[in-house]
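Below you'll find the structure, written out as structure tokens, and then a few comments.
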Amino acid sequence: MALIKLLLASLAITSVCGMYSKKDDVVELTEANFQSKVINSDDIWIVEFYAPWCGHCKSLVPEYKKAASALKGVAKVGAVDMTQHQSVGGPYNVQGFPTLKIFGADKKKPTDYNGQRTAQAIADSVLAEAKKAVSARLGGKSSGSSSSGSGSGSGKRGGGGSGNEVVELTDANFEDLVLNSKDIWLVEFFAPWCGHCKSLEPQWKAAASELKGKVRLGALDATVHTVVANKFAIRGFPTIKYFAPGSDVSDAQDYDGGRQSSDIVAWASARAQENMPAPEVFEGINQQVVEDACKEKQLCIFAFLPHILDCQSECRNNYLAMLKEQSEKFKKNLWGWIWVEGAAQPALEESFEVGGFGYPAMTALNFRKNKYAVLKGSFGKDGIHEFLRDLSYGKGRTSSLRGDGFPKIQKTEKWDGKDGALPAEDDIDLSDIDLDKTEL
């Protein structure tokens, strides 16, 4: 059976059973409720981002449940299944599992929990964060985060209303807030007399509240702020446009989703997921680097590049650029990525039955099952893309890793980014050698 089919079967079972049930004090968090339960809440939260196939996540379950029971009534304990709700972890750069984050007084700046994975240690850290929040409130600081620079004013659609997260946009602030922003924006261009705009207003506000901290929603009165409206050739109302981070006027895209808040949230969440950073392609210079990058991932992609003397810096950088491009295209899969120099890790190559003179080469490994697949096509953009696409669809032949489990990674020097150089040869002094001319 193909590697990915086994994985998908496993995921299908775990997604039904779940690592936590409704009987537990651990709250199941999803794309639909994360914003309202965590970000828009005054409660202190600790949230675990996990994958059902992750061994460390399974080991954490009993201690995490115990911590949730102990903190009941004091703080909230939640969990997000990243195989089902990837966009929730995207804004927080979740790369490995389990990842635990504490959402304290400032929900926009959660802190990483890196302590021991025991109920006592988890509870202690959450209580410490709760104490900070209490001190901040006693000192007159707000427990939430305001939408500074939102351009609030007397506009009818955004700004100063209580609980209204829709940003009022104008000719004066549009460029600074939207076009020069690192945030994702959805902007509604409306007219005060437009009936469809009035119908959309409560849905737009609800979506803005749900998406707070992930995607920003704005509204611009196109009958007043005509400079911006004309730039985007607004002719009908409402018109909704999407702006990715760092967009220019020409980069604006039309929104093509539904007009219920749930439709808007789902559409925007998908775009947020697309904008999550691609996983880094690490050089496998030691055991720790490889395990950190791969062990808790569904799959790990290994690239074996030619020796630096056979493929100098420009050549190698071209290969690395190609790998980074593919990691971007397949980032939603949350795979790990490793590259090593050919022949630098003979035990690893032997386990995969690659190497020798066959560089470059690529394999994909499931650490849990010790199953791998090998790229049989060309090591080029199209060949690699086809190989990875087949893996993501559950296609391709797999083999069992040779030997007794994953081999030990030899410690090597990190590549300095420079061309390789042949070792200098020692000059041989022939002056002391007396050769008879007749011997020449």
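For all residues, glycine too, the Cβ spot is worked out from N, Cα and C.
Feature annotation from Swiss-Prot assigns active site, nucleophile to CYS54 (among others); the stated evidence is similarity to another entry. Neighbour list (CYS54 (active site, nucleophile), Cβ cut-off 8 Å, at least 6 residues apart, same chain): PHE97, PRO98, GLU296. Look at CYS54 (active site, nucleophile): DSSP puts it in coil.
In sequence order, MET19, GLU48, TYR50, ALA51, PHE97, PRO98, GLU296 constitute the residues six or more apart from CYS57 (active site, nucleophile) in its chain with CB-CB distances below 8 Å. Swiss-Prot lists CYS57 (among others) with the feature active site, nucleophile, giving similarity to another entry as the kind of evidence.
The annotation domain 'Thioredoxin 2' is assigned in Swiss-Prot to 127-273 on the grounds of sequence analysis.
According to Swiss-Prot, the feature region 'Disordered' maps to 138-164 (among others).
For CYS194 (active site, nucleophile), the same-chain residues 6+ apart in sequence whose C-beta sits under 8 angstroms from its C-beta are PHE237, PRO238. What Swiss-Prot records for CYS194 (among others) is active site, nucleophile, and it gives similarity to another entry as the kind of evidence.
In the shown protein chains, 22 other C-beta atoms lie within 10 A of the C-beta of CYS197 (active site, nucleophile). As annotated by Swiss-Prot, active site, nucleophile applies to CYS197 (among others), with the evidence given as similarity to another entry.
Summarising the annotation, Swiss-Prot assigns site 'Lowers pKa of C-terminal Cys of second active site' to ARG259 and lists similarity to another entry as the type of evidence. In the shown protein chains, 15 other C-beta atoms lie within 10 A of the C-beta of ARG259 (site 'Lowers pKa of C-terminal Cys of second active site').
In the region 'Disordered' (404-426), helix, strand and coil residues by DSSP number 0 helix, 0 strand, 23 coil. The feature region 'Disordered' is assigned by Swiss-Prot to 404-426 (among others).
Across the motif 'Prevents secretion from ER' (437-440), the prediction's mean pLDDT works out to 52. Under the heading motif 'Prevents secretion from ER', Swiss-Prot lists 437-440.
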Alpha-carbon distance [ARG259 (site 'Lowers pKa of C-terminal Cys of second active site'); CYS197 (active site, nucleophile)] in Å: 10
